[in-house]
Amino acid sequence: MPELRVLSALDAARLQWYHFKAIMIAGLGLFTDAYDLFCIAPIMKMISQIYYHKDSIGTAVLSISYVIALFGTALGQLIFGYLGDRVGRRKVYGLCLLIMVFSSFGCGFSVCTTRRSCVMASLAFFRFVLGLGIGGDYPLSATIMSEFANKKTRGAFIAAVFSMQGLGILMSSAVTMAVCEAFKMVGEGSLEKMEAAGVETLAPAESDIAWRLILMIGAIPAALTFYWRMLMPETARYTALVENNARQAAKDMQKVMSVSMSQVAEDTLSETLELPPSTSSSYKLFSRRFFSLHGRDLFAASANWFLVDVVFYTSNLLLSQIFSFSNKPLNSTNVYDSAFEVAKLAAIVAACSTIPGYWFTVYFIDRIGRVKIQLMGFFCMAVVYLVAGVPYSWYWSKHEKTNKGFMVLYGLIFFFSNFGPNTTTFIIPAELFPARFRSTCHGISGAAGKFGAIVGTVGFLWATQHEEEDKGEVFPEARRVRIAFLILGAVCIAGVLVTYFYTRETMGRSLEENEEDEIDSTCASS
């Protein structure tokens, strides 16, 4: 089969500065995504005390607040993933970033300051729009990084981009804690007066600015990245394989990477190049031919992402619900302290479990392979959930505030999630599919994941909550949390089965070889 020299040059390119620059440019988008998605837990703690006072915020309002951005993300992955294949990665990449910047500011400027229904509706609208931008960033970042990388270290590069999520989670916690402490110090006099007056919910007027500021700060890293994204050329694989312009692909690559002209000279001799059969437009997306060649891969990528996001997002939600480092009941804690405690816990888990898990994957992904890491991650999470879930109602629930063992177990869930399927499900769809479908299929897989996150968040939020009528408080009931842990363990076991029977290994092959391998196996079976 004829081979494009420009693609061979990319696969064999030595490690150089532009690889790291691309990681930073794409990674800052994932950094912003994580900041915006995971800052909502402490924000909702603040909003519940500012606007709801003695009333319970209610499971319905909490559910909408948590999932509205996830729904926007799923829709954004589908829309912008498709556009990335239709009009080019670079053009859509900048648009997603602009949406993220303006919607982050919109969240902070949510209209109304007294009517809680107006505030929540406005915040929900801008969080949905923010989700659209975040959703587009997922398939485009993964696809761009996979198409720029060489085949030897491609997995590590994509994993390094995704690892920026861990830093984004840590930064959202750090910013929340810093803003809460700053506002608490400035408004210390107001809090003392409210305490002396016997006010139960300590939420001074200026606290309404604090949560808005936390949300708006999320626009800063996205805005700083926009200039550098606009300087990125279109990926050589898209230009050569989708636009059929190998000469322009070679020129674009030479602008940013050090590649010998002799390596791509053959492709620049003519404007028109006869492409390999596997890259020609012989079949369309969702055609019978497409499903015969790529249906199994699309199912495996989507199912695994769905399953891991059920686990990952539910675990993050339960984290803030289960643990409490404060002995004070919520209605006697000031608004800053309650948000500070949630953010502190998230920061501890991110620093001790989430970030190390990401970087273990970066180191091992091109040494032991995607499938083995994904299998190990699902299996270890299943074991931890069973160990935590079986004795939860009669042991852990009575000791979780002081028992470090439970905290270690919960930390292991996040470690093996990220040194496992949470990272590999981001990588594999960017490697399996043809260039003209790559961004679309990654978006479909990611959207399946976000629907899994919605199912997990809404389902377990409603299933594990118990409302105490006398106090109007919502809290997780021990017996129901135990059942939730056991169900999450079963979800992880399902992930093991899907990975083992349906997921193909992509380590050590070029993107085109992965496609050829699937075509050859399909032809052999027929």
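Glycine residues also receive a Cβ, built from the backbone N, Cα and C atoms like all the rest.
Sequence annotations record features per position, and here TrEMBL assigns transmembrane segment to 20-44, 56-80, 92-111, 123-144, 156-179, 209-228, 298-323, 343-365, 377-395, 407-428, 440-463, 483-502. Under the heading domain 'Major facilitator superfamily (MFS) profile', TrEMBL lists 22-507.
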Inset, instruction - Decide whether the stretches the transmembrane segment (440-463) and the transmembrane segment (298-323) have at least 3 CB pairs under 8 angstroms, with pairs required to be 6 or more apart in sequence. - result: yes
Legend entry - Region pair the transmembrane segment (20-44) / the transmembrane segment (92-111), three or more CB pairs under 8 Å: yes
Legend entry - Residue numbers, six or more beyond the limits of the transmembrane segment (407-428), whose CB comes under 8 Å of its CB atoms: 138, 142, 146, 155, 158-159, 162-163, 166, 301, 304-305, 307-308, 311-312, 315, 319, 323, 349, 352-358, 360-361, 364-365, 370-371, 373-374, 376-378, 380-381, 384-385, 387-388, 400, 445-446, 449, 495, 499, 503, 506
Inset, instruction - Would you kindly check 56-80, 92-111, 123-144, 209-228, 343-365 and say which stretch has the most C-beta pairs under 8 angstroms to the transmembrane segment (156-179)? - result: 343-365
Inset, instruction - Take a look at 56-80, 92-111, 209-228, 298-323, 343-365 and tell me which one has the most Cβ pairs under 8 Å to the transmembrane segment (123-144). - result: 56-80
Legend entry - Remote residues contacting the transmembrane segment (343-365) - C-beta distance under 8 A, at least 6 residues beyond either end: 38, 41-42, 155-156, 159-160, 162-163, 165-167, 169-170, 172-174, 176-177, 180, 316, 319-320, 323, 325, 373, 410-420, 422-424, 427, 507
Inset, instruction - Pop the mean pLDDT for the domain 'Major facilitator superfamily (MFS) profile' (22-507) in here, whole number is fine. - result: 85
Inset, instruction - Go through the chain and flag residues at least 6 beyond the ends of the transmembrane segment (56-80) whose CB is under 8 A from any CB in it; none is fine as an answer. - result: 36-37, 40, 44, 47-48, 92, 95-96, 120, 123-124, 127-140, 313, 317, 442-444, 446-447, 450-451, 453-454, 457-458, 461-462, 465, 467, 472-474
